[in-house]
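This report concerns only the one structure given below.
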Amino acid sequence: MTLNRMKKISNHRIADLLTARKEEKRKSFAVLLDPDKVDFDTFQSFLAQAVENEVDFFFVGGSLITNYAIDKLISAIQKYTSIPTILFPGNSLHVEHTADAILLLSLISGRNPDFLIGQHVIAAPMLKKSGIEILPTGYMLIESGKLTTVSYISNTTPIPHDKASIAACTAMAGEMLGLRNIFLDAGSGAQVPVSPEMIAAVRAAVDTPIIVGGGIDSSEKALLAMQAGADVIVVGNGIEQNQNLLPEVAASVKMFNLQLEKVY
Ligand SMILES: CC(C)=CCC/C(C)=C/CC/C(C)=C/CC/C(C)=C/COP(=O)(O)OP(=O)(O)O
Ligand SMILES: O=P(O)(O)OC[C@@H](O)CO
Ligand SMILES: [Mg+2]
């Protein structure tokens, strides 16, 4: 076996980190960066703030990206920080091999074959060649008060907000199919985030790490999601609109993890 091939096979650094943290019940904070919305003039100071507040991951992506600046964004992150960059792609055009990993989303809450398997077939040869770490992820959209970009673009109906059991069964099926992470997303800019009841039901149904995002615009909402069983909290819009939110959510995650140390 060649060294390159071995390197590709052993490329599961982020997956191992997510699993270890989930086992320890330690939470992580991921900041979603939309390449279309990043202000490159002030990006360096934004990155310094992310480092200072110990952001765990950058998720990079969008349902629709128009400026093709994903590579520029990733190289700026890698120049000024060592925070892992995880692609959060809307389609197969959004693959950028310099990222540390990719959430290979299968949109299991929907019934659109293109987002369940179609885009994956198109991207597979490129993903294999790149050697990028693959994070196979069951992606579930949850109804959140208004039509979100991701629901519209993916042409899928989200799971009703109050149907925790549908979410639990969907996650269970995703895990049985071999997906290693479950992502509960109310959609960017959601009016209401995924409910703690639904997160708890999914937590009880699967053993995978659970990523939760969409409409988390306060440290209180982040705390409720963590208490319900979310392993990774994703915040995008809220940080774009309020520069105090990044340190506030970071502090809430840190506090949660510190309390954990006291308990054990
Ligand atoms: C196989 C590959 C490489 C890709 C397919 C990936 C799949 C199945 C994606 C699911 C559907 C989808 C369009 C996901 C995008 C999720 C995302 C990055 C959302 C971020 O928020 P936006 O939806 O861009 O919201 P704004 O309107 O606020 O920008
Ligand atoms: O932009 P927000 O509402 O924080 O959502 C983040 C992410 O989960 C969207 O896919
Ligand atoms: Mg977007």
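Using N, Cα and C of the backbone, Cβ positions are placed for all residues, glycine too.
Look at ASP34 (Mg(2+) binding site): DSSP puts it in coil. Feature annotation from TrEMBL assigns Mg(2+) binding site to ASP34, SER63.
Around the Cβ of PHE183 (sn-glycerol 1-phosphate binding site), the same chain contributes LEU103, LEU105, THR137, GLY138, TYR139, MET140, ILE210, ILE211, VAL212, GLY213, each under 8 angstroms and 6 or more positions distant in sequence. The annotation sn-glycerol 1-phosphate binding site is assigned in TrEMBL to PHE183, LEU184, ASP185, ALA186, GLY187, SER188, GLY189, GLY214, GLY215, GLY236, ASN237.
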Original post:
How long is the line from the C-alpha of GLY187 (sn-glycerol 1-phosphate binding site) to the C-alpha of SER63 (Mg(2+) binding site), rounded to the nearest angstrom?
Top reply: 10
Original post:
What's the CA-CA gap between ASP34 (Mg(2+) binding site) and GLY215 (sn-glycerol 1-phosphate binding site) in angstrom, rounded?
Top reply: 15
Original post:
Under a threshold of 6 Å between Cβ and any atom of ligand 2, which of the binding-site residues ASP34, SER63, PHE183 are retained?
Top reply: none
Original post:
From the Cα of SER63 (Mg(2+) binding site) across to the Cα of ASN237 (sn-glycerol 1-phosphate binding site), what is the distance in angstrom?
Top reply: 14
